[in-house]
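Copied straight from TrEMBL:
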- Gln305, Glu355, Asn405: S-adenosyl-L-methionine binding site (BINDING)
- Cys433: active site, nucleophile (ACT_SITE)
Amino acid sequence: MAGLFFKPGLLPWYARNPPGWSQLFLGTVCKGDFTRVIATKCQKGQKSQKKPSHLGPLDGSWQERLADVVTPLWRLSYEEQLKVKFAAQKKILQRLESYIQMLNGVSVTTAVPKSERLSCLLHPIIPSPVINGYRNKSTFSVNRGPDGNPKTVGFYLGTWRDGNMVCVQSNHLKNIPEKHSQVAQYYEVFLRQSPLEPCLVFHEGGYWRELTVRTNSQGHTMAIITFHPQNLSQEELHVQKEIVKEFFIRGPGAACDLTSLYFQESTMTRCSHQQSPYQLLFGEPYIFEELLSLKIRISPDAFFQINTAGAEMLYRTVGELTGVNSDTILLDICCGTGVIGLSLSQHTSRVLGIELVEQAVEDARWTAAFNGITNSEFHTGRAEKILPGLLKSKEDGQSIVAVVNPARAGLHYKVIQAIRNFRAIHTLVFVSCKLHGESTRNVIELCCPPDPAKKLLGEPFVLQQVVPVDLFPHTPHCELVLLFTR
């Protein structure tokens, strides 16, 4: 195990300079899910395990099937899970570096064994401080269960295409905290008492939809119920809101001890607060979290890493890699509630954050004001529209460090162009939980030779270091923090 995992409290930086190849890492250019493949091999090598005692003899098959889909590594010890993830990330790195070498016309040397052929410095994986029940946000669906009841609350198993979709209760999953499962179970009780049908398929009618539960480390709980209004009048909607409110305040749902209950009328799969406002039925409008010596405000739809303890490890890693100082401007792109930038504000001259979700930006501004941070500003909108103008307004003489933490879809190509072409950005830290598709293209365009046809005129970036940080125990996913310089 030596060299694979960190000891608690130690940062992963090696006392040597990384190799100087002009290569890159990020994304799965290669096809195939290495994590699942390696995990399957590990499982076959182990002795068969007894079913956990909480899986009943009748429903065990459904629950185990769901666990295998949602948390495919749950049968492995956590030590084995980390080995699987580290091997998978290394495999991705090898494939992607080979691809970039071919793209840049660099012949691959055969002097180094293929298994060791890496140009960047791949650090050991940082384990999650919390292994079970770590999620601070869970979204539960409503649909037909294995018994055919359409008012079942849980996670989907199967596919619509194959016609075998069922909704399975998820209280047995290792990554879901008991509080989330409790709220989901009481929501199911409420639905089965309600005369209104659930909305299974939009054009077929029905009303009750999914449930989202958010919790913090202090034990506060926010629940958000999504409801399709169909053709109900405002008076009829008011009645339904009062009924569900009464259920969770004075009815059986009071056992959940909710800090707040929100209600959102949504006619689409997903609606933002701007498209359809979150309506507070009772309780506090926000929950708060303590992280990196900051008190952080979290709105119903604001992005916040789902593993709070793991997020602190992730953000500390990002902070170490940025290397910011008092002469540096920190540019935080896709900043969410602004935690990364605000946690580094005392070490940099200014923090500039960009975020699409307006509520998250309001949270970031509140967090800055509450914590007495005066050298930050946050902008609402699409990064590809805001970033070019924001960079033009800054003096070329001041060094800028950029941090990007995009959604799984990656960054818009105009954001890549702006970063690549603004010469004052010498350091870029890229955080991603799933590197494929657009994220792969992002990295290629950051590191490829100048290309006037694509308006990529600035010098290319070089990947120097990669740090895997596990925020998702029992699943194949892993956050990767990548340091690029030029």
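Cβ atoms are placed via backbone N, Cα and C, with glycine included.
All annotation found in TrEMBL is predicted automatically rather than curated by experts.
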Cα-Cα, whole number of Å: the residue listed as 'active site, nucleophile' versus Asn405 (S-adenosyl-L-methionine binding site)?
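Distance (Cα to Cα, whole Å): 9 Å.
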Please report the number of other Cβ atoms within 10 Å of the Cβ of Asn405 (S-adenosyl-L-methionine binding site).
23
Sort out the sequence-distant neighbours of Glu355 (S-adenosyl-L-methionine binding site) for me: same chain, 6+ apart, CB within less than 8 Å of its CB, listed by position.
Cys334, Cys335, Gly336, Gly338, Val361, Ala364, Phe378, His379, Thr380
Which residues, sitting 6 or more apart from Gln305 (S-adenosyl-L-methionine binding site) on the same chain, put a CB under 8 Å from its CB?
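Listed in sequence order, they are Ala311, Leu314, Leu471.
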Taking the Cβ of the residue listed as 'active site, nucleophile' as centre, how many other Cβ atoms lie within 10 Å?
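Other Cβ atoms found within 10 Å: 19.
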Other than Gln305, Glu355, Asn405, which residues of the same chain sit close to S-adenosyl-L-methionine? List them in sequence order, counting a residue when its Cβ is within 8 Å of the Cβ centroid of the site.
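Filtered neighbour residues, in order: Phe303, Phe304, Cys334, Cys335, Gly336, Thr337, Val339, Ile340, Val431.
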